[in-house]
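A quick write-up on the structure given underneath.
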Amino acid sequence: MIINSNSSTIFSSIWLPVFFYVEPLDQQVIISILELMIYLVCIHLVNVSLHVALKIRLFHRNLYILALPMFGMWYELIIGKFITIAYRLKLLGLDFELGEHTAIWTNDPGKVLLVASLNGLELLIFGGFLQWHYMYSWIFGVLTVAVERVIASVLIENYESNTQNLMPAILLIISQFLSISMAFGLLFQKVGPLSAHFPWMISCPISVAAYVFVKKVNESFRREIKNPGRKRIFTLSQQFQVKENLRVLHLGTRLVFAVLSFIGICGCGIAALHYKIVPSYYCHLIENVLFLNPFLIGLTAMLSIPQWKEQFMKSFLTVRLFRNRRKPVHIVVEIEECAKKKNDVETNLYFKQLANSWI
């Protein structure tokens, strides 16, 4: 959606990744209610996923600092959607009609919203910014996770004791600076539609190269660890780091296919709308592919790791995730399979040693 204002300021042209339709009000109300019901289920899914990932720690703290905010940022995306719904249903009144806007970008004057001023559109502009920021936070976020894994592989000798929180903090600040800059650039059309593709076109090859590098390095480490005649000594934390990197790659491979499927569906849908292959009301389905991405990406992450999967299946079916802290906590010890028990013991021992090394 493109908004052009008659004001002569540098912010007179606005580009928003939102859609509006010319539909009867009762139809819009029904669609919005259905969307809100599905979003509530999605909110529950995101809550449970974050709860499980934080409860069952299987990865290094630095990876958590970088990866979890990416999943948590879905909340800002859905806030942007709620703002859009409020404008669609005219809960936020305007002195003019917004009309139909189903093109992600256009230079056709007939499809551009012309207004005397941006008064009354401030919340819609803010919602559009949140959606732009979410998209590019994922693009740059994936790259920062790849860089963090490369650093973890290269500095395997003393990664935990020397880096602590400084390295992920720097990566997080850089990625957010780039994400916010791109979001503002697109919002005020300082970045064109072609330039908007450059970040993911650059990020994807670098991330793939990092993936291949980390895979080869850690598979080499694993072979060396299993070699009884090796001369190099691997500490418990280093062995854990190798296993963690390979576990991340296993999860990352599945997430890559999930994200690529998500991008492919969105891309094909936008192209179909642009070339009028499908009617404009199909835009409801296409835009919700973005808003409901946790059903694909979140479930892929939760179901790819046995420990997460077990806890996720238990928690997702109950609304009561957090227990009253004043109640006594009863620990139930269950007999588990040897492989899983060994993993848990090794993980707990590693984090105890790691915590002692940081004191």
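Each Cβ is built from the backbone N, Cα and C atoms, and glycine gets one as well.
Annotation source Swiss-Prot lists transmembrane segment at 29-49, 65-85, 134-156, 168-188, 194-214, 255-275, 285-305.
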Segment proximity, the transmembrane segment (65-85) to the transmembrane segment (285-305), 3 or more C-beta pairs under 8 Å: yes
Long-range environment of the transmembrane segment (29-49) - Cβ separation under 8 angstroms, sequence gap at least 6: 23, 71-72, 74-75, 78, 81, 85, 88-89, 284, 288, 291-292, 294-295, 298-299, 301-302, 312, 315-316, 319, 321
